[in-house]
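For 44-74, the entry in Swiss-Prot reads domain '4Fe-4S ferredoxin-type 1', with the evidence type sequence analysis. What Swiss-Prot lists as [4Fe-4S] cluster 1 binding site is Cys54, Cys57, Cys60, Cys109, and the listing cites sequence analysis. The annotation [4Fe-4S] cluster 2 binding site is assigned in Swiss-Prot to Cys64, Cys99, Cys102, Cys105 on the grounds of sequence analysis. According to Swiss-Prot, the domain '4Fe-4S ferredoxin-type 2' annotation covers 90-119.
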Amino acid sequence: MAKFLDSIAGFGVTFGSMFKKTVTEEYPEKPGPVAPRYHGRHQLNRYPDGLEKCIGCELCAWACPADAIYVEGADNTDEQRFSPGERYGRVYQINYLRCIGCGLCIEACPTRALTMTNDYELADDNRADLIYEKDRLLAPLQPEMTAPPHPRAAGATDKDYYLGNVTAEGLRETQKTGESR
């Protein structure tokens, strides 16, 4: 008798769910909201004047447990300046076939050059397209930015860039006159 009642209870759950409204996710036509702190695709950031934040130190590659990042640094010159410091990341690659999305590379970056966006659609039908080169990782230039290579802001030091004292127009006025903010 108990087995019979168990099966009736199971059928009751089934019949009850038959009359509930079905919830269908219409993805990819209507993608849902993404969590604000979601770790998606990586992005190489820029300073407000357009220079790259990456200094080619390779700490992100050392921190990556999956060995998914390859960085080759090069020296900046006065004629060809890509970042405010001595060096820049000449070659930067992230292999998304290996990346596990742990974020250790983000924590290792001393200049906050590498961050993760909310972009989660990384699927592709070609394996070679999942190895992102520097041109696909760099943040897009904003209208007020100047495309590198170009000299750093007049009178600015590496420290000014790191502290955020450089804008698209140049070094902030409070820093030029020696005032503290």
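Placement of Cβ uses the backbone N, Cα and C atoms for every residue, glycine included.
Spacing of Cys99 ([4Fe-4S] cluster 2 binding site) relative to Cys60 ([4Fe-4S] cluster 1 binding site) is 12 Å (Cα to Cα, whole number). Between Cys102 ([4Fe-4S] cluster 2 binding site) and Cys57 ([4Fe-4S] cluster 1 binding site), the C-alpha separation comes to 20 Å. Report note: the [4Fe-4S] cluster 2 site is defined by Cys64, Cys99, Cys102, Cys105, and the residues of the same chain whose CB lies within 8 Å of the CB centroid of those residues, excluding them, are Cys60, Ala63, Pro65, Ala66, Ala68, Ile69, Ile94, Ile100, Gly101, Gly103, Leu104. Excluding the listed site residues Cys54, Cys57, Cys60, Cys109, the same chain places Ile55, Gly56, Glu58, Leu59, Val71, Gly89, Cys105, Ala108, Pro110, Thr111, Ala113, Leu114 with Cβ atoms within 8 Å of the centre of the [4Fe-4S] cluster 1 site Cβ atoms. If one looks beyond the domain '4Fe-4S ferredoxin-type 1' (44-74) by at least 6 residues along the same chain, the residues whose Cβ comes under 8 Å of a Cβ in the stretch are 81-100, 102, 104-115, 134, 137-139, 141, 144-148, 150, 152-153, 161, 166-168, 170. Counting in whole angstrom, Cys60 ([4Fe-4S] cluster 1 binding site) lies 4 from Cys105 ([4Fe-4S] cluster 2 binding site) by their C-alpha atoms. Of the recorded residues, Cys105 ([4Fe-4S] cluster 2 binding site) and Cys54 ([4Fe-4S] cluster 1 binding site) place their C-alpha atoms 12 Å from one another. When the binding-site residues Cys54, Cys64, Cys102, Cys109 are compared by the number of other CB atoms within 10 angstroms of each CB, Cys102 has the fewest.
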